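To start, the structure under review is shown below, and the notes come after it.
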Amino acid sequence: MSEVQQIRRSSSNEDELAPTAFTGNNDQNNSSSNNDQSFEKNSFEDAEDIPNREENDIISRNESNAAISRSISRRLTNADELIAEANKTDEPLPKMGGDRDYPPPLPDRTPYMVSFDGPHDPLHPHNWPLGKKILTTSIVGFTALVASMGSAMFAEASPVVMQIYHVGYVVATLGTSLFVFGFAFGPIAWGPLSEIYGRKNILILSGFLYVCFTFAVATAKDLQTIMICRFFAGCSGGGAVVITPAVLADIYGPASRGKAMNIFAAVLFGAPMLSPIAGGFIVKNSSLGWRWTSYMVGIIASASLAATVFLLDESHHGIIMVNKAETLRRRTGNWGIAAPHEEFSLSFKEIFEKNILRPIKMFKEPILLLISLYNAFIYGILYLCLTAVPLIFQGKYFFVAGVAELPYISMFIGILVGAAVSLLLEKRIKLVMAKNNGKVIPEERLVPMMVGAPFFAAGLFWAGWAGDFGPRVHWIVPTIGLSFIGFGLMTIFMPFIQYLNMSYADYDAFNGGFDAAGGFSETNMDNGGQHSQKAQTRSTLTPVTIKQIHEAQQDTPDSEWKINNVELSMVSIVGVVRKLENTSSALIFTIEDGTGSFDIRKWVNDEETSVDSEYEYYKPFENKYVHVTGVLKMQSNRKGINQSNIKLVNDHNQVLYHQLSAIKVHLEAQGAFNKLNAPGSNDDNKLFVSDGDHISSGAPAGSLKDQIHQIIRANTATMNEGVPLAYIAQKLNLPPAKVEVVGQELVEEV
């Protein structure tokens, strides 16, 4: 071990830092007897005493767990990559000084890490009083409003700039184009910086720069100064535009976040629509002039900056914990207390390489790239309207300055209608969440785009063609077309922001949502060996035994787990909980099913639960059968079941159902369906070797196994919940207990 590794070594296991790291132990003792695996009927009676807990629309709050919060902060800052790079360096370590040796490594810092005090901690922004949330929303919304106003109000000064500086119309409109370009460039830096240094600090910095460059435009003496300052004003103003949605995500949960985001979108698009109206009258007023389009924005921006400095509280969860740790250090004198977010400090180079470049790397994802290009086009059309509307109503209808900008009101009305439609669609999102255990698929947020896209295209044709005819068509006709454009803008752009918010949230951790089917099914299976020639789809939930999990292999480190050609992406196992261990951040279940044992780590990260309460809930599960579903993953060179869902088995037939389902997987993996059905098949083709024992009915065990399998295959299409044990016993004219015995033998031979 290198000197650097010795210094940086921590006694904590890195597996315990990842909220989705579930480990499996392949070295457990598999020598438990079959009697230990027998089903206990009283376990179903005990299950009635365990309360049924409905999964509501709850917010995942990993920050309440110090270990998970530490992992989140490392991910935000890319600290793990920096540590790995530091460990690779060949540079010698600096001396301690005074001829002293390096001190021994400090103990695990996790107990010294502060976190939120449960789901109802008043420090958590989700628990802020309603008045404080409204104040915070108003301040950041006002800041974004001012930034958007600056982008459009200056456009009304373009004709005057042409006359003063003797340039063409295209050059004069660069004042708006460069501002919008800065709007696109600035968030690349402001967004990641706000994740490291907090929302308020970056809002103050970007707001101060925005005020400075806006006043610089107002006092500029030449054209190049105007253009340069407009670009940097856009860069700095982009901070408010990108940080405002982050603040709303900090303080609102999923149930109310959509409403807040729609209000923000109305502000974001409404400001460029209304500010040209004010800009037109300002330019027309001889007492003010074109420079006051910037003076006015600068004055309002100064007011928003003052509100940010004196009234806005920090909402970034990590920075709140940094402040809490600082308070505890001062009041207790314990220098070891720290927040996960302050564990590492990054240089400017590291921030640029690891954080600022990260949004650019995200464009490698096709869906993100394509939607971004589409929304860039939509946003470009918005600012193209700043040029097109005056051309239509001044050039074709001969409206005077100020009046020519009034049709923007129609566009703003369309934006408000789009916001109302988006709010109505929020009810649909809530219904989807209710059906999906309080969770929603991010792509569900994109549904309004399918509504708005046709309206947007229709509005462009409507306003463009009608406006081209000038006085021959009443001015209200292109004005109505502008409302369609506004409606499309709102219903296209905002769902994209919400989709990004959900897809790339920094604090999401999803619990397993797989419900136990309780039966054996061969849906979508081909007969014979056809199905064995192609792998199952990634979304298949595969019933397996623990032995099969241990034997699963990967073709490549990133490929799916397979048994021969059967993928094991999502797996289902049934076994007895032999041991339940309570750690500081997770529960560890040791489960046996007669073929082996496996450790499943279930992380506790819901806002309304804690590790201790979860332990008390799952404690009665010990020595009883459970049904586990989840995603098979490799974590730190060990197999684990990720996003696990653990339910107590409360139906006697469910154990046998699962065993028969696992047999199907084994048969499929071996390509044995043809062998079982092929004419003239003999004992050499059997999957299971009979030991010569016979059932009292006279049916050989091997034959009964085949009969059970044939009954299941014949009825699986009509029995979605699985073929009941009683049904199989009735078909074979055998007692259910005898059918269960054969099922147990089948599982032991898999």
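The backbone N, Cα and C atoms fix where each Cβ goes, and this holds for glycine too.
As given in TrEMBL:
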{"type": "COMPBIAS", "residues": "1-10", "note": "compositional bias 'Polar residues'"}
{"type": "REGION", "residues": "1-62", "note": "region 'Disordered'"}
{"type": "COMPBIAS", "residues": "25-37", "note": "compositional bias 'Low complexity'"}
{"type": "COMPBIAS", "residues": "38-60", "note": "compositional bias 'Basic and acidic residues'"}
{"type": "REGION", "residues": "85-118", "note": "region 'Disordered'"}
{"type": "COMPBIAS", "residues": "87-102", "note": "compositional bias 'Basic and acidic residues'"}
{"type": "TRANSMEM", "residues": "134-155", "note": "transmembrane segment"}
{"type": "DOMAIN", "residues": "136-750", "note": "domain 'Major facilitator superfamily (MFS) profile'"}
{"type": "TRANSMEM", "residues": "167-190", "note": "transmembrane segment"}
{"type": "TRANSMEM", "residues": "202-219", "note": "transmembrane segment"}
{"type": "TRANSMEM", "residues": "231-251", "note": "transmembrane segment"}
{"type": "TRANSMEM", "residues": "263-283", "note": "transmembrane segment"}
{"type": "TRANSMEM", "residues": "295-312", "note": "transmembrane segment"}
{"type": "TRANSMEM", "residues": "367-393", "note": "transmembrane segment"}
{"type": "TRANSMEM", "residues": "399-425", "note": "transmembrane segment"}
{"type": "TRANSMEM", "residues": "446-467", "note": "transmembrane segment"}
{"type": "TRANSMEM", "residues": "473-497", "note": "transmembrane segment"}
Field: Dominant neighbour of the transmembrane segment (399-425) in 167-190, 263-283, 367-393, 446-467, 473-497, by Cβ pairs under 8 Å
entry: 473-497
Message: Which residues of the chain, 6 or more past the ends of the transmembrane segment (446-467), have a CB below 8 A from one of its CBs?
response: 371, 378, 381, 388, 392-393, 396, 414, 418, 421-422, 425, 428, 473, 477-492, 494-496, 499
- request: Answer yes if the transmembrane segment (202-219) and the transmembrane segment (473-497) have at least three CB pairs under 8 Å among residue pairs 6 or more apart in sequence, and no otherwise.
  value: no
- request: Summarise the model confidence on the domain 'Major facilitator superfamily (MFS) profile' (136-750) as a single mean pLDDT, whole number.
  value: 77
Query: Apart from its near flanks, which chain residues at least 6 from the ends of the transmembrane segment (231-251) lie with a Cβ under 8 angstroms of it?
result: 125-126, 128, 133, 136-137, 140-141, 143-144, 146-148, 150-151, 178-187, 190-191, 194-195, 199, 202-203, 205-207, 209-210, 213-214, 216-217, 257, 260-261, 264, 268, 315-317, 497, 501, 505
Within-chain partners of the transmembrane segment (295-312) [C-beta distance under 8 Å, separation at least 6 from its ends]: 135-136, 139-140, 142-143, 146-147, 149-150, 153-154, 200, 203-204, 207-208, 210-211, 214-215, 218, 278, 282
- line: Under 8 Å Cβ-Cβ from the transmembrane segment (367-393), and at least six residues away from its ends along the same chain, one finds 151-152, 155-156, 173, 176-177, 180, 184, 269, 272, 276, 399, 403-405, 407-408, 411, 446, 456, 460, 463-464, 467, 475, 478, 482, 485, 488-489, 492-493, 496, 499-500
- line: For the region 'Disordered' (85-118), the DSSP helix/strand/coil residue counts are 7 helix, 1 strand, 26 coil
